[in-house]
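See below for the structure under consideration.
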Amino acid sequence: MKNYFSLTILLVLVLLPLLVHGDCECSTDSEDRNKSKALRLKIAALVSILVAGAIGVSLPVLGKTVPALRPDRDFFFLVKAFAAGVILATGFIHVLPDAFENLTSPCLDPHPWGDFPFAGFGAMVAAIGTLMVDSVATGYYNRSHFNKARPMNETDVESEGHVHVHTHPTHGHAHGSVVEEEEEGRSTAELIRHRVISQVLELGIIVHSVIIGISLGASESPSTIRPLVAALSFHQFFEGMGLGGCIAQAKFKAKTIATMSLFFSLTTPVGVAIGIGIASSYNENSPTALIVEGILNSASAGILVYMALVDLLAADFMSPKIQSSRSLQLGAHVSLLVGAGLMSLLAKWA
């Protein structure tokens, strides 16, 4: 179900730019244009981003072969904190400012676009919506799992409320079974939580990755594309590590892991390829393009900021493993700041 939903979102994002034509010339580009050189750079960017994303998302998933990247190791928490910082900076420093720029462009009618901060509002609505989806999905999967795992039968009904009446020698063993069931229940709840987190996070990443890819592919300026190759490869690698860490903790089946990893790795390159294909007709300053990109960017920013703060950082930083170790806690804080700082510096080139 999740894969079909994500595929639908991707198709919508892919098809929308095809409807955009150059119907606004209010800010003509004066940048240098060289189609052949730009095409070579875009192909290099496509390959570089594809490889970086595939390696980034695969490393945590291959934790069984790389002991340091197993979810129970300290290094895994440090890498995940760094990646969460990258995702947080992506939302605040890269995507949200782009949304404000799109929705306050002089190419748009000042009424209503200049009368209300639609970008901030969209990010807020997306964050609240993500919280609701997060909560509802987790509750649904929890209820569904435990209803199947612990069906109520006549014996349960008859014995309900009379557990302590039986004092025969097997009482201690029965009590132990109850404790084991509680521990298993907590473990299952955590697993379900990780699965919901990984799916929602991937959806948020996909939204802005397609937009980035199309914008890069549609550009015909080598001076614009060149710095983006390294910046987006770095971005894709560490964003992939953050997503890969969530996928590893979710313990999906091999087929689902492969599908999610492939989907993430291909999203931006596919966006670049589409951008190359529509470069002659696509105008990023047209009202339709500005509105569509602005709304999607604001929604993506809200999703990424929520996921980074609530589901990645808060969950890990408040976990017993980090709280019980001063050195790990300090390391996680430093990793977070370094990840967010480096991604913020990339805003100068991206």
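Cβ coordinates come from backbone N, Cα and C, glycine included.
Worth saying up front: this structure is predicted, and the values here are computed from it rather than measured.
According to TrEMBL, the feature signal peptide maps to 1-22.
Look at TrEMBL and you will find 38-63 (among others) tagged as transmembrane segment.
Summarising the annotation, TrEMBL assigns transmembrane segment to 75-96 (among others).
According to TrEMBL, the feature transmembrane segment maps to 116-141 (among others). If one looks beyond the transmembrane segment (116-141) by at least 6 residues along the same chain, the residues whose Cβ comes under 8 Å of a Cβ in the stretch are 96, 99-100, 102-104, 192-193, 195-197, 199-200, 204, 294-295, 297-303, 305-307, 310-311.
Residues or ranges marked as transmembrane segment in TrEMBL: 196-216 (among others).
Taken from TrEMBL, the feature transmembrane segment applies to 228-250 (among others).
Residues or ranges marked as transmembrane segment by TrEMBL: 262-282 (among others).
According to TrEMBL, the transmembrane segment annotation covers 294-315 (among others).
For 327-347 (among others), the entry in TrEMBL reads transmembrane segment. Tertiary neighbourhood of the transmembrane segment (327-347): same-chain residues 74, 77-79, 81-86, 88-90, 93-94, 97, 231, 234-235, 238, 313, 316-317, 321, selected by CB-CB distance under 8 Å and a gap of 6+ residues from either end.
Residues 41, 44-45, 48-49, 51-61, 63, 69, 71, 76, 79-80, 82-84, 86-87, 90, 191, 194-195, 197-198, 201-202, 205, 209, 212, 216, 257, 260-261, 264-265, 268, 312, 339, 342-343, 346, 349-350 of the same chain sit 6 or more residues outside the transmembrane segment (228-250) yet have a Cβ under 8 Å from a Cβ within it.
Non-local neighbours of the transmembrane segment (294-315) in the same chain are 13, 80-81, 83-85, 87-88, 90-92, 95-96, 98-103, 118-131, 134, 197, 200-201, 203-205, 207-208, 211, 242, 246, 336; each lies 6+ residues outside the stretch with a CB under 8 Å from one of its CB atoms. Note on the transmembrane segment (196-216): residues 2, 5-6, 9-10, 13-14, 17, 42, 45, 49, 87, 90, 95, 130, 133-134, 137-138, 141, 225, 228, 232, 236, 239, 242-243, 246-247, 249-250, 252, 260, 263-264, 267-275, 278, 282, 284, 293, 296-297, 299-301, 303-304, 307, 311-312, 315 of its chain, located 6 or more positions outside it, place their CB under 8 angstroms from a CB of the stretch.
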